[in-house]
Amino acid sequence: MAASTQHVGPTSEETDPPESIRTEPNKDPGTSESESEKLEADAEEEEEPPGPKIRETPQDIQLEAIANTVALHPSRDILVCGDVDGDVYAFSYSCTEGENRELWSSGHHLKSCRQVRISADGLKLYSVSRDKAVHLLDMERGQLVSRIRGAHGAPINSLLLVDENMLATGDDGGTLKVWDMRKGTAIMDMKNHEDYISDITVDQNKRILLTASGDGTMGVFNLKRRRFELLSEYQSGDLTSVALMKRGKKVVCGSSEGTVYIFNWNGFGATSDRFALKAESVDCIAPITENIMCTASMDGYIRAINLLPNRVIGCIGQHVGEPVEEIAKSWDSRFLVSCAHDQLIKFWDVSGLPKLSVDEYRKRKKKGGRMKSLTKKALGDNDFFSGLVEETEKKEEEEEEQEEGDDSDSDSGSD
């Protein structure tokens with residue numbers, strides 16, 4: 001009968017191997033002790049599962065419909081968006097890959113949700129809609145707390161939280177209302193614009209309310225005296241956004257023509273300056289510092305702009321070929337968040353913008369030159385040639401520095 005292949009121990013007739021070639025169990029005779037330890041260490045490392053990938057910015061959030069508006073929590077990594085179907089969603093976001101989470105959704109609006117805003121304490125969420133209603137939701141769970149049905153006679157387009165008890169709304173017909181939410185009643189109801197109110201802001205003292213309108217004017221309203229003050233002169237195109245800069249000393253308005261109009265505080269009647277961008281429009285503005293703001297356009301680009309001297313610093317990012325609806329800054333000023341017609345919410349790292357300095361003189365740009373990329377994702381999420389682009393931009397900057405040209409700060413255009 002053939003012998004089994006199973007290994008058996010040595011018989012009494014077998015002799016031990018010489019000392020010189022005797023080896024330890026499970027070790028190759030040709031392998032030294034140090035090499036064996038290295039191999040074992042390598043094997044242990046291979047067995048350890050890789051840790052979660054940490055990104056520079058959170059991953060994009062894919063939505064089921066186009067978001068008109070996005071707002072960020074004042075102290076946590078949470079955002080809220082409202083879409084064209086009237087749904088409101090809350091998400092938590094994280095730089096750890098795969099850690100973005102939907103927290104809740106609400107479908108209480110009957111038509112498109114136009115704007116959402118979170119209270120300063122992070123506990124309340126207000127939303128306005130084409131259905132003419134104002135909703136108050138619990139921020140933690142997304143439950144409807146109260147609503148004002150038929151708050152306006154026309155679809156509501158804009159919303160501003162003045163303080164913890166007061167909010168302002170503007171509609172498609174040009175009517176502005178200011179609400180005392182403790183009573184659920186309007187304490188101001190004024191129609192001084194001939195077209196829709198696109199945006200609303202207020203000064204730090206909560207005294208003066210400013211509105212931007214599709215009729216090409218900026219409106220000025222006195223909250224303390226509850227009265228209308230004046231309209232600015234008419235500008236070219238719709239005024240699409242309004243924001244305060246330079247510690248409240250300057251007011252900037254974006255326009256559908258791609259021009260930023262600049263007003264002095266208490267000089268609301270006429271512009272003090274204007275800055276024409278090579279953009280299809282300036283639909284929304286998000287101040288980053290007292291001098292730097294980000295603008296978003298129908299062309300899909302998000303630009304960083306320095307105010308006085310007026311310069312386009314560069315490109316923060318883009319929703320390729322898709323109009324951007326709104327941009328907002330995170331609570332820690334690290335990210336700029338944008339929503340656009342591609343049904344994506346994107347995150348851009350703007351933490352380096354406050355460190356940028358802008359020269360007083362203007363560099364002469366080459367004809368057809370592109371904007372400088374200010375983030376790694378500015379030219380795309382997976383830009384293989386990003387290093388090459390940065391080197392090319394450095395060379396272009398060196399060439400531009402040799403071609404300095406004199407120019408004034410006002411009435412100037414740039415990419």
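Glycine is no exception: its Cβ is also placed from the backbone N, Cα and C atoms.
Here TrEMBL flags 396-415 as compositional bias 'Acidic residues'.
Here TrEMBL flags 1-56 (among others) as region 'Disordered'.
What TrEMBL lists as region 'Disordered' is 378-415 (among others).
Across the range of the repeat 'WD' (149-189), the DSSP-based residue counts are 0 helix, 23 strand, 18 coil. The repeat 'WD' annotation in TrEMBL covers 149-189 (among others).
Look at TrEMBL and you will find 190-224 (among others) tagged as repeat 'WD'. Long-range contacts of the repeat 'WD' (190-224) within its own chain (CB-CB distance under 8 A, at least 6 residues past either end) are made by residues 157-160, 162-163, 168-178, 230-244, 248, 251, 253-254, 263, 265, 268, 284.
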What are the helix, strand and coil residue counts for the repeat 'WD' (190-224) according to DSSP?
0 helix, 19 strand, 16 coil
Rounded mean pLDDT for the residues that make up the repeat 'WD' (149-189):
97
